[in-house]
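**Q** A single structure is presented below for examination.
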Amino acid sequence: MRVDYDVAAALRHEGLKPDDYDEICRRLQRAPNRVELGMFGVMWSEHCCYRNSRPLLSSFPTTGHRILVGPGENAGVVDLGDGQSLAFKIESHNHPSALEPFQGAATGVGGILRDIFTMGARPIALLNALRFGPLEDERNVGLIEGVVEGIAHYGNCVGVPTVGGEVAFDSSYSGNPLVNAMALGLMETDEIVCSGAHGVGYPVVYVGSTTGRDGMGGASFASAELTKASLDDRPAVQVGDPFLEKGLIEACLEAFKSGDVVAAQDMGAAGLTCSCSEMAAKGGLGIELDLDRVPARELGMTPYEFLLSESQERMLFVVKPGQEQSLMERFIRWGLQAAIVGCVLEKKVVRVLQKGEVVAEVPANALADDTPIDRHELVSDPPLEIQAKWDWQEDLLPVVGLKGINLNSQSHFGSNLSWDEILLKLLDDPTIASKRWVFRQYDHQVQANTVSAPGVSDAAVVRLRPQQGEGSVDEVNRGVAAVVDCPNRWVFLDPERGAIAAVAEAARNLSCVGAEPLAVTDNLNFPSPETPTGYWQLALACRGLSKACKSLSTPVTGGNVSLYNETRLADGEIQPIHPTPVVGMVGLVHDLANVCGQAWLEPGDLIWLLGVPIDTTVAVDPRVSLAGSSYLECIHGLVTGRPPEIDLKLECLVQSFLRNSITEGFVRSAHDLSDGGLAVAVAECCIAGNLGAHLELPSSDARLDRLLFAEGGSRILVSVPSTQAVAWQKVLNQAKTASPGAVFDQYLGVVTADEELLITQAGNRLVQLPLNQLRECFEQAIPRRMGLDLSSSV
């Protein structure tokens, strides 16, 4: 069959390969027309079909006693007990945010919210994981300003609190920022709304906003590297309306309660093409779509434009016959569009009509189920660049002493730095520093269920308030905790260890607030998998995620894969991002009265380190290291070394012990040791509680910078009331008796009323800093770099 278009040019435009075209022709038993080729282009993109990553994802654990819905639906669902379930998912909007930071981020929030309420859940919380280049670059300042404003605008207007997240900075993200949005929704019904169509002849109803030309080919755009040309591709960025989405949420939840909707699918990536093909394929049926009935906001739209538009705030339903009129009236009352646009077919195809003619007909499973898989060879050895970094040893660093470190003459800090100066420089690192400038723009109290606000604890906590209006806030004692984590520098240096650390830290953060970790949603942000290094990073990170999720009993319920996160520079060089597998994890708080924050609460409280203890010998513990640490990068300008091993058995033991200790009332505060190690964690607890601390480090032959700033897993700082000292020691002894050989506690010091942080060893002062100086560095690091008024930014 001859075609009326330039095949080679069309394939380039759609991001398809010649082999893909041959396969399409084989499946159709003919050549596709231009509309059909566009449908295949978006549906066979990595963004929609995971053609490079699907075999790797199959290794993830996806089942568990609390899992109600796993991968494959709009969102995962876990059973919370007491008749409540939680829907949750994370998605990326990276490439659109690089082009139009405000709209890219805003529509990312809108899209993840639709994934949640499409399941029949009411959205109760948002989180985000963001990555940018250094703030010394004005373009990066513009990106973070636009992204944060977009997230705040959409979330605040739609009435869903943004309760937590993380922000990190690295030069690898300068041309390709990462914007990952996570949402949680509460369900109080056994009726989960799924997306598979059923009921031959049942009407297909379109609801929400009109269809325009915005977001054309967004899925294909998201599956390619960013270039100078693509940065001018503004039509690939959608435009959102949070007020319309608010009405869509309420109308959809009303419709789902009626029982008249038998299947639902939001229109996200690939728009109508994806919605129709996924609903048809999952239901084992077909869908006929009449474009003349689709509400349009622009005249003269072609079938290609209708099918590939990614206009926001749109949904597709399969509805029980006879109920379509009442359902559409409900949406119209909310000021939304509603129209019958097709029907369910027995033949397993997506058939598209315009002006009474068939403009496209494609087998549904060819678009949404039986899609291509690109196989890549996994190299047996790490790339040479990484092998060289793994050879680095701590003894290559300059000599340290009680007063600090003797730097070489090439250091931009001068020849010497005291431990005080080093701690202040770490607190001034934007990745470590306070993110108050970011989260103060978010409404985190809307819905009045936020128990633990951003910056207060290691994870966000939201009250599980009944959605039916039964019971006051005071009567609700259960909550859900959520967190997003990824140590991207570790993943860059060792993808498997870094991914394990991401899962372990997420679970650790949940445990620090007293929550039982339940399940994971992941967002795999990686460069191109078509290079040996790129695929090695992706494959080993997936291996690490799988291993950690199995060990910590946190199944994966779904997520998102975002590849080709790299920028082609003006000289033609490719700049890939650091591989960033963001782990979103949710946990159950059985009693909100026991929620734990990171702030010191009372002078005199005892400070203990749980988990891997501080070294007392020169021998290097592989579980704690300066390799890949914030200290190494910030002070020495090095991103090198092999990150520490995570002892998953100890991780489970320590986290379980911590949760039990919080429940029993022993632990007043808890904070995990992460970026910057012990010294930074203690400083953060002091700043949060406006109280000082005196720590006496054990005598040790190990380097002092290792004792103060080394990083690793299974390390949690807790404070315990002095009145509980004897009982606490008894509990510790019982735990160690139950786990012979486990050493996971170390007394370090005491919380003080003095507004200073004092760290000593054998009576020698290492660190002595007033709280106001710690706080100033911590709070002003980001605003200062952005040139903001510091007096109004803290």
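Just so it is clear, glycine is given a Cβ too, placed from its N, Cα and C backbone atoms.
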**Q** Using only what Swiss-Prot says about substrate binding by SER92, HIS93, ASN94, HIS95, GLN238, GLU310, SER311, GLN312, SER562, identify which of ARG66, ARG114, ARG333, ARG543 is listed for that site too.
**A** ARG114
**Q** Which whole number of Å gives the largest C-alpha distance between any two of TYR50, LYS89, ASP522, GLY559, the residues noted as binding ATP?
**A** 17
**Q** Ranked by the number of other Cβ atoms within 10 Å of their own Cβ, which of the recorded positions HIS47, LYS89, HIS93, ARG114 ranks first?
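**A** Compared across HIS47, LYS89, HIS93, ARG114, the most Cβ atoms within 10 Å surround HIS93.
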**Q** Could you state the CA-to-CA distance between GLN312 (substrate binding site) and ASN560 (Mg(2+) 1 binding site) to the nearest Å?
**A** 19
**Q** List the same-chain residues at least 6 positions away in sequence whose Cβ sits under 8 Å from the Cβ of ASP522 (ATP binding site), in sequence order, or say none.
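**A** Correct list: PHE60, ILE90, LEU545, VAL556, GLY559, ASN560, PRO581, VAL582, VAL583, GLY584.
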**Q** With ASN94 (substrate binding site) as the reference Cα, tell me which of the recorded positions HIS47, TYR50, ASP115, ASP266 is the closest one.
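**A** That would be HIS47, nearest by Cα distance.
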**Q** Compute all pairwise C-alpha distances among SER92, HIS93, ASN94, HIS95, ARG114, GLN238, GLU310, SER311, GLN312, SER562, the residues listed as binding substrate, and give the largest one in whole angstrom.
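**A** Maximum Cα-Cα distance: 20 Å.
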**Q** Would you list the other residues of this chain near ATP - those whose C-beta lies within 8 angstroms of the C-beta centroid of TYR50, LYS89, ASP522, GLY559 - in sequence order?
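**A** After dropping the recorded site residues, what remains is LEU57, PRO71, ILE90, GLU91, THR521, ASN523, LEU524, VAL556, GLY558, ASN560, VAL561.
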**Q** To see if you understand the setup: which same-chain residues, six or more apart in sequence, place their Cβ under 8 Å from that of TYR50 (ATP binding site)?
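**A** Residues satisfying the criterion: LEU57, VAL561.
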**Q** Relative to the Cα of ARG114 (substrate binding site), which of the recorded positions HIS47, GLU91, HIS93, ASP266 have a Cα no more than 10 Å away?
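**A** Those near ARG114 (substrate binding site) - Cα within 10 Å - are ASP266, in sequence order.
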**Q** Check the binding-site residues GLU91, ASP115, ASP266, GLU310 for other C-beta atoms within 10 angstroms of each C-beta and report the one with the most.
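**A** Its Cβ has the most other Cβ atoms within 10 Å: GLU310.
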